[in-house]
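According to TrEMBL, the protein carries these features:
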DOMAIN    B:38-268  domain 'ABC transmembrane type-2'
TRANSMEM  B:44-67  transmembrane segment
TRANSMEM  B:73-97  transmembrane segment
TRANSMEM  B:118-146  transmembrane segment
TRANSMEM  B:152-174  transmembrane segment
TRANSMEM  B:186-205  transmembrane segment
TRANSMEM  B:243-262  transmembrane segment
Amino acid sequence: MRGLVKHYGETKALDGVDLEVREGSVMGVLGPNGAGKTTLVRILSTLLPPTAGQATVAGYDVVSQPRQLRRVIGLTGQYASVDEKLPGWENLYLIGRLLDLPRKAARARADELLERFSLTDAAKRPAGTYSGGMRRRLDLAASMIGRPSVLFLDEPTTGLDPRTRNEVWDEVKAMVGDGVTVLLTTQYMEEAEQLASELTVVDRGKVIAKGGIDELKAKVGGRTLRVKPADPLRLRPLAAHLDGLGITGLATTTVDVERGALLVPILSDEQLTAVVAAVTAQGVTLASVSTELPSLDEVFLSLTGHRASTPQDAEPTDAREEVAV
Amino acid sequence: MSAPTITTADARIPLRGHLRHTGALLRRNLLWIRQDPESMADAVLFPIVFTLLFVYVFGGSIGQALGGGQDAYVQYLVPGMLAMMGMTMAQGVGTGFNQDFNSGVMDRFRSLPIGRGSVLFAKIAVELLRMLLATGVMFVVALLVGFDVTNWGGLLAAVALAVAFGSSLMWVFLTLGVTMKSVQSVQAMGFLVLMPLQFGSSIFAPTDSMPGWLQNFTDYNPLSALADASRGLMNGGPVAHDLWLTLGWSVALTAVMAPIAVHKFRTKT
């Protein structure tokens, strides 16, 4: 893929997005519901015309060369776009034929991809009877039929349970190993970290940060230390105390009242140790200590100073995203 | 795969490509039927129920007015039912397509290098098969209740005419199916268009006894023309005027609505 630049003037969904993805790399686009991720993918896959601005994918302009472009891309939508009434094999065979594979080649390709995505046993069953994970795998297989050089994965694991999510991740990693350029949208920092080499964070149709994964992680504080004192009344004084010490540097400590814990952004193991030491020095008994990757909310908090602008501040389980025209 | 090897000249889809794509999509639509045979129930039951209903409810009285009995009405009704079959089956294409459109698989089709018309053509092809099935069932029922085939050639010609008109109507309903937001609204719109057209025509009863203003409507109603043309072809009598009128309607509807449907489908977001 050559350069990929976008400008959008008018639309609320995308308000001037510039993006460039290196050939053979995985670009993660991280953002909450309604940030414009799906709109971005739909424009890049020629499903939606841009209001303004221009974009090229694999050297083809999305507006003036849609047919050529469609030949080199694969698309896996947010809501699995397989035909539920068709058996898995027929789904793949259909796509093969639509991509102008001769009958024999389309048959062979369908067999091959079912095998690769461990769906051979379910080949003859309607896709509607598949489990969520199987359906995503079939969807991935369908987008691989034409051996695309650019692959769009629009929230490939939203709504999946953790184990199935890992399965899908493994498949995606294998695809990336084949040298495909991937544009991945996600609401999960963890997913971005697993799959992407570079990350663009979007919010309300704007890019609010971009860079390498490690760079951004450092920016948002790498990890989050979750400290839970035995006595919840100590939460606020502790938070003030820690901020006063300034150990964490980049972002301030958040109090999670509901779960009775402090969320401390940390950059290093030294900071982790220092924070725990500072807390115990206050004579606080700790009920639990754990570290986790920052959630999308925390990423946003540290990058923008406000919470992710999800319509109802929803949990990232709601798969639908507003697509403005 | 990285270096783009496809030149602009390759962007055009050759006719054979269109045929291949339409064929593949037609296969998909046929597989749907195999997966869900109940979806064919309406095509089988509709002609049975309606033919019997009209023959036995109205057959006696309208038959009398026609100067015969129930048999006379059967002879009158069957060509009309042929027209009705075209209309009803055409309406189904709109709702079916609307449903299909709201599933994610359309996005996948639209992201593939195929002519967008292929999806529509395949849908129409499979609906025409449904229409032929419904017509076949209708004729079986008609024969059972005493329909007399006087002219097999004429009957086939009438079926061909109904198919031509039915497919032109399908473009209208496809446009509705692509444009409207939900299946329900497509159905409601279809119903609103359908009822006056069907009953305000010569399908079920001769128009002579209708009030003048309604006769004006029925005279211009293409379904009347189709019903009368079929009647002429199957039972004998004047044909030419209604035949040309029906063909004219078919060509005009297709010429206007097909490009609109394809355009709406292409630009649908």
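Each residue, glycine too, has its Cβ placed from N, Cα and C.
Worth saying up front: this structure is predicted, and the values here are computed from it rather than measured.
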Considering the transmembrane segment (B:186-205), which listed stretch of B:73-97, B:152-174, B:243-262 counts the most C-beta pairs under 8 Å: B:73-97
Contacting positions for the transmembrane segment (B:152-174) when only residues 6+ beyond its ends and CB under 8 Å are counted: 79, 82-83, 85-87, 89-94, 97, 120, 123-124, 127-128, 131-132, 135, 139, 186, 190, 222, 226, 229-230, 232-234, 236, 243, 246-247, 249-254, 257-258, 260-261, 265
For the transmembrane segment (B:243-262), distant same-chain residues with Cβ under 8 A (at least six beyond the ends): 116-117, 120, 161, 164-165, 167-169, 171-172, 174-175, 178, 222, 225-226, 229, 232-233
